[in-house]
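Novice: What TrEMBL records for this protein is below:
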{"type": "COMPBIAS", "residues": "14-25", "note": "compositional bias 'Basic and acidic residues'"}
{"type": "DOMAIN", "residues": "33-106", "note": "domain 'Cation-transporting P-type ATPase N-terminal'"}
{"type": "REGION", "residues": "1-25", "note": "region 'Disordered'"}
{"type": "TRANSMEM", "residues": "90-123", "note": "transmembrane segment"}
{"type": "TRANSMEM", "residues": "290-309", "note": "transmembrane segment"}
{"type": "TRANSMEM", "residues": "315-341", "note": "transmembrane segment"}
{"type": "TRANSMEM", "residues": "772-794", "note": "transmembrane segment"}
{"type": "TRANSMEM", "residues": "806-826", "note": "transmembrane segment"}
{"type": "TRANSMEM", "residues": "838-858", "note": "transmembrane segment"}
{"type": "TRANSMEM", "residues": "870-892", "note": "transmembrane segment"}
Amino acid sequence: MAWAPESASALPEPRPDAADEPRLPDVRGRLAEYAAMPVLQVLRRLDSGPRGLEEDRAQTLLARHGENAIAGPTASRRGSRLLHALTNPFVGTLLVLGGVSAALGAFGAATVIGVMVLISCWLQVRQEQRFDRVADTLRAMVVATTTVVRRATSDAPPTSREVPLDQLVPGDIVTLSPGDMIPADVRLLRSAGLAVDQAVLTGEALPVAKQATPEDAVPDVSAVGRSTGDLATIDCPWLCFMGSTVTAGTGTAVVLATGTATYFGAMHAHLAPRRAETAFDRGVKGVSRALIGLMLVCAPLVFIVNAAVHGIRFAALWFGISVAVGLTPEMLPVMVSTALARGARAAVRHNVVIKRLPAIHNLGAMDVLCTDKTGTLTQDQVGVDCHIDPDGRSDPQVLRWAALNSAVAADGDAIVLFNELDEALLAYADQMSVPVDDVTAVEVIPFDSTRRRGSVVVREAGRPGTDLMITKGAVEQVLECCTRLRRQDGDVPLTAADRQRLGDVGDRYAADGVRLLAVAIADKPVRPRAYGPKDERDLTLIGFVGFRDRPRESAAAAVRSLAARGVAVKVLTGDHPLVAARICRDAGIDPGRIVLGDDIEALSDAEIGDLADRTTVFARIDPEQKARIVRVLRSTGRTVGFLGDGVNDSPALRDADVGITVDGAVAIARESADVVLLRGDLLSVAEAVTEGRRTFTNIKKYLEITISSNFGNVLSMLAASVLLPFLPMLPLQILVQNLCFDLCLLPLAFDHVDQRALRRPQTFDSARLTRFVLWLGPVNTLADLTAFGILLHITGHHPGPAAQAIFHTGWFVENLLTQAAAVHLLRGRRLPSPRDHAAFPVLLGTTAIVTIALVLPWSPLAAPLSMTALPVVCLLALVLVLVLYCLLIGAAKTAWQKVEGRTSRPTRQGTRSQAQR
Ligand SMILES: Nc1ncnc2c1ncn2[C@@H]1O[C@H](COP(=O)(O)OP(=O)(O)OP(=O)(O)O)[C@@H](O)[C@H]1O
């Protein structure tokens, strides 16, 4: 919906004024030129080299080429903000109604409507500026970086360091590893098993292999496939493009183009990034539809009744238009942006950074949190527990081969993101003085979460003609590739009984919380052809390495805290089911019956939805299965959060209503997520959930109070149309009163919230809102009808213009006073008390409208608004109506809470399947 605050993403945002940006054919032409050159010539053209740019030169280039970003400068956003404000459906409605008023010659009304549009747009633009500033500040806290090789001076040694993505310049040398975003358009200098996901550019979901060309050779362009058309460059194996991500392998590359000069920049200059509709988007849509529907029904109805009773008159039409304006919640976008920005600022106090501000609402609405295991339920301080041969005896050789596998996989490029198991292995090997640099690396077939194993091929000194493949991975997946088994007295064929026994060893360790990786090796005759996953066969199992990661002490409390807030925690892990079960028990989660990835592969979405409702732990699932479970849960009406930090988590992070990651996560996870935890702690998620609910409760209050009050007014106007021989309030007065009320409600974004409102997931519920309005709106009407009776009595039953002015002014004042009272009486679950009162800004807002009500009729503005000073008896009578209204609304609200409390069923929580300890 147009009024929803725009989401903020760490990916460069497309610039709206893209007229001066490079055109796609030019960008493609330049890239094709670079693709056809030998690497050395590319480096020469860019005045760079494998040792990287000097820092000074990088700064000069940065000044020349600008930042590596596609977002325009802040100033250029101002125009689009104004456009955004003007095109929101509520302001659009006002503009149409203002236009109609002007066309009918009602210039006073047109002016007031114009003022309302101006105030609404001005507030919205200002609020969006603040909103963007908050979003920018928050994003800066989790800024995306890339690893670049640079030199301090021309003769200084090259060093690798992390720089923010936007500081990259053409000629920079970057290193790439799994989980990294490709930071610009680059030409590969070296690569090992590199695969990238280019779906953002091509829509093709499968990763594509990328490979560097020999340094001084002219690349074989015919290998690229298609020579014409848009994909010609994208297909090029030695070019990688901004917007893609590394899914496997490593590489070193030179930057060819940055920012808007990239393929991504040129292609997307006019397109906004798209993301699946979240709970917030759905809620906003539903409420907007309901509000516009209410206006489209009520305003014509008032006109028709008025015309039917009094005949078609210009005043009736004008009156109908004013009612329509009165029902338009034009300040709603301002209120929502203010509340979201406040919530996001509050979340930072709990070490939670909200990257896309609507995510704060989605956190409050979340009723299922799917999480991976490492780093959230565990401390992510993985240590090596054991290294054993197939018979369970400690064996240093197993440690050496496993560590060599990690070291070689990481080698070639100085900086590589290991996963936690590789890190632990290398640290332990170092501690035990196990050498890991006495072989020559030949090939890396990187680990991936679907194969659940990774291999390297090395050449040992003194073994000419023979390569050695070393594979490590999940026990079942490595055993699949083994045909032999290492025994103390030599290698023997692997029998079915051995497989069974070795599988049991894995299970035994897993049940104790130890994650076992199998290690296998095989000699291969040296060959010129590259090795791939298909060569992982005929291996000899040589043993296992075990890892232990202690459970996080706060995890049990956090899971309890989330359950108490109605958020069910589900664990989605690629790990062994028994390890998952053990860690879950330690974290206070009853794992129940664990479902495996293989179990759900053949199931339909409906079957998975049913199963997911009853299941707490899914184990041995791959990245696509994680995302599928998230999608299916969402399709069953849940609001789903996903917490993960690995490359394998990014599809699920994107598909969830709210993607959550930790500060140390791989770049693609941080990019995909909406929320970043500065402390990788579930407790901070629980706190952020509370902030989300606080935010939403205040938005909900605004909707309930404004719509019920306006609806009550419409009923009063309908009744007045039938009962009174004149209009109960002049159109201009309706508009002014509406403007005052709207402005006074804005501070609700900062109001206190009743603790009970924070205990359940909260989301937009149009049906409940309608019930609320239908129940409490008529109470407003009752008070109005009483006021009408009293005013008629005071002014006589057939009043002339002077008496009509008293009637109009009287209802204007009564309306504002009752509306101010409604804010206090309807804002909380309980009636106001010294312990439960409105926040100071809300008090200020309501004091302002009471003051306006009591001052305006006696001010110089009274005459232009056709108002008059009220007699004392009239004022006293209105105070009486106010007291009556307060009593009625208090009673109606208490009754509403009783009825709602009885009828509102508890939300469908998976918590019922989680017997929390
Ligand atoms: N570096 C590695 N080398 C070899 N095998 C690995 C490596 N990392 C993980 N594995 C194996 O692959 C399995 C799946 O790992 P993966 O990292 O995909 O799981 P995950 O869902 O991220 O786990 P978690 O829930 O612990 O975060 C592991 O249980 C382990 O057996």
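Any Cβ shown, glycine's included, is placed from N, Cα and C.
A TrEMBL annotation is a machine prediction, not a hand-curated record.
Here the structure is a predicted model, which means the values were calculated and not measured.
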Novice: When you look at the transmembrane segment (315-341) alongside the transmembrane segment (772-794), do they share 3+ Cβ pairs under 8 Å, ignoring any pair fewer than 6 residues apart in sequence?
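Specialist: No; fewer than 3 Cβ pairs under 8 Å.
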Novice: Tally the residues of the domain 'Cation-transporting P-type ATPase N-terminal' (33-106) by DSSP class, grouping H, G and I as helix, E and B as strand, and everything else as coil.
Specialist: 50 helix, 2 strand, 22 coil
Novice: On the 0 to 100 scale, where does the mean pLDDT of the domain 'Cation-transporting P-type ATPase N-terminal' (33-106) fall?
Specialist: 78
Novice: Where else in the chain does the transmembrane segment (870-892) make close Cβ contacts, counting only residues six or more beyond its ends and a cut-off under 8 Å?
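Specialist: For the transmembrane segment (870-892), the nonlocal Cβ contacts are 775-776, 779-780, 782-783, 786-787, 790-791, 794, 806, 809-810, 813-814, 817-818, 821-822, 825-826, 831, 857.
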